[in-house]
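Note sheet for the following structure.
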Amino acid sequence: MEMEIKDENLRNSVPFVRQLSTDSVKTKTEYDNEDGTPYKSTTQKLFLWTQLLAAFAVSVGSMNVGFSSGYTSPAVLTMNITLDITKEEITWVGGLMPLAALVGGIVGGPLIEYLGRKKTIMGTAVPFTIGWMLIANAINVVMVFAGRVICGVCVGIVSLAFPVYIGETIQPEVRGALGLLPTAFGNTGILLAFLVGSYLDWSNLAFFGAAIPVPFFLLMILTPETPRWYVSKARVQEARKSLRWLRGKNVNIEKEMRDLTISQTESDRTGGNAFKQLFSKRYLPAVMISLGLMLFQQLTGINAVIFYAASIFQMSGSSVDENLASIIIGVVNFISTFIATMLIDRLGRKVLLYISSVAMITTLLALGAYFYLKQNHIDVTAYGWLPLACLVIYVLGFSIGFGPIPWLMLGEILPSKIRGTAASLATGFNWTCTFIVTKTFQNIIDAIYMHGTLWLFAVICIGGLLFVIFFVPETKGKSLEEIEMKLTSGSRRVRNISKQPENIC
């Protein structure tokens with residue numbers, strides 16, 4: 001499937017980019033030039049095209065994640081035709097990827113700190129391709145397992161690295177919108193898997209997946225390492241060059257450079273082992289918020305729905321074809337994240353999480369009722385449309401809130417001192433939850449039936465809503481330094497900025 005995104009369409013697809021890329025802003029006179037002389041008050045234009053390129057490059061890479069997640073649903077329908085594979089082994093085709101992603105999440109933290117964000121991300125392109133080629137050429141289930149493990153490790157690494165890279169390169173005013181692009185393109189990968197999988201068998205679908213890392217690798221060559229990583233390695237001039245590339249040659253970057261340096265100095269001053277400090281009083285709030293969001297993201301059951309969408313429709317006895325239903329869900333998943341990009345910097349993170357929770361709770365309860373009636377031999381033929389309607393609204397709700405926002409906030413709320421280690425912990429925890437949900441999904445259905453499983457997910461969603469209300473801060477419009485200062489100073493919440501700053505550096 002050929003994807004062409006022209007400059008104008010790209011600008012129009014991201015809220016505020018058109019406005020911010022043309023509006024004039026005044027620079028402050030209180031910041032000094034490198035030679036110590038004060039800046040003159042001048043009119044400059046914000047330069048966002050390079051930030052768009054950086055976000056777009058990472059987002060294309062996120063298609064690998066989505067394709068890996070969406071592969072199972074169409075593949076298992078044809079895999080048992082040409083492979084000698086049992087029902088239990090099929091569950092491992094779905095379960096091995098998140099389990100391996102757990103390992104990737106653990107090793108990804110040290111990698112992004114040692115090698116840098118960019119090199120770590122680019123380094124996954126070749127293994128991704130190797131993993132897909134193993135699956136495509138598999139003559140037994142062991143080769144499929146090996147390919148899924150390799151792809152899974154890469155998924156875990158980039159799941160951690162993408163939000164950190166976005167958080168450290170994009171300006172606060174558009175970080176919400178651009179920060180959701182990786183999730184949007186991840187959903188594109190899921191949609192591609194569903195669409196292409198309706199025409200290709202499991203082997204040829206894997207060949208298709210092997211081609212996705214190529215454009216991602218080429219685009220990442222054009223982008224810089226993050227300024228924050230350079231500063232953490234005392235490579236100040238390279239940090240300045242990177243920031244200049246991201247913000248534009250004629251934009252005042254001195255305040256941002258100064259904030260980066262001060263933040264790093266404070267991190268260096270606190271000293272100590274980053275892992276030991278994860279659960280210190282200073283950093284515990286940010287870590288627990290991140291872990292909580294990851295927990296509720298996965299225990300809503302979304303990956304079980306994505307991995308086994310076709311099977312769920314077969315069980316429902318719905319009049320809607322299971323392959324068509326899977327494609328419709330993929331389309332909704334794809335479109336809804338772009339809706340979120342238009343809303344997140346207007347409504348904020350918390351409002352979208354509220355909407356997300358309510359939508360999922362309502363639809364899971366309704367779909368559970370449908371399966372309960374069917375289980376008790378009550379005729380539900382007249383409601384054959386209900387499973388698709390519920391799952392569409394469920395996926396829509398998830399994709400505008402609990403889908404992208406935990407990953408976005410991973411790059412926002414974790415303090416620089418522990419960012420790599422904490423992101424590694426949160427990512428590993430996320431994929432642990434994903435593995436548990438996907439691997440035990442069929443077992444839970446066997447134990448408490450489909451209606452009980454869906455109602456269990458609904459109760460967990462209620463817990464997620466309460467968690468957001470009482471513990472999750474609003475980060476809209478905040479710089480990373482402001483968020484870190486609030487969360488590490490003992491403040492329970494990060495207050496929302498209702499008015500954007502007049503001066504942007």
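Using the three backbone atoms N, Cα and C, a Cβ is placed for every residue, glycine included.
Membrane topology of VAL149 relative to GLY348, as recorded in Swiss-Prot: opposite sides. Noted from Swiss-Prot: of ASN80, ASN430, the annotation N-linked glycosylation site belongs to ASN80. Long-range Cβ neighbours of ASN80 (N-linked glycosylation site) (same chain, at least 6 residues apart, Cβ-Cβ under 8 Å): ILE90. Note on the transmembrane segment (176-196): residues 1, 3, 14-17, 51-52, 55-56, 58-71, 73-74, 162-163, 166-167, 170, 205, 208-209, 212, 306, 309, 326-327, 329-331, 333-334, 336-338, 340-342, 344-345, 349, 399, 403-404, 407-408, 411-412, 476 of its chain, located 6 or more positions outside it, place their CB under 8 angstroms from a CB of the stretch.
The secondary structure of ASN80 (N-linked glycosylation site), as reduced to three states from DSSP, is helical.
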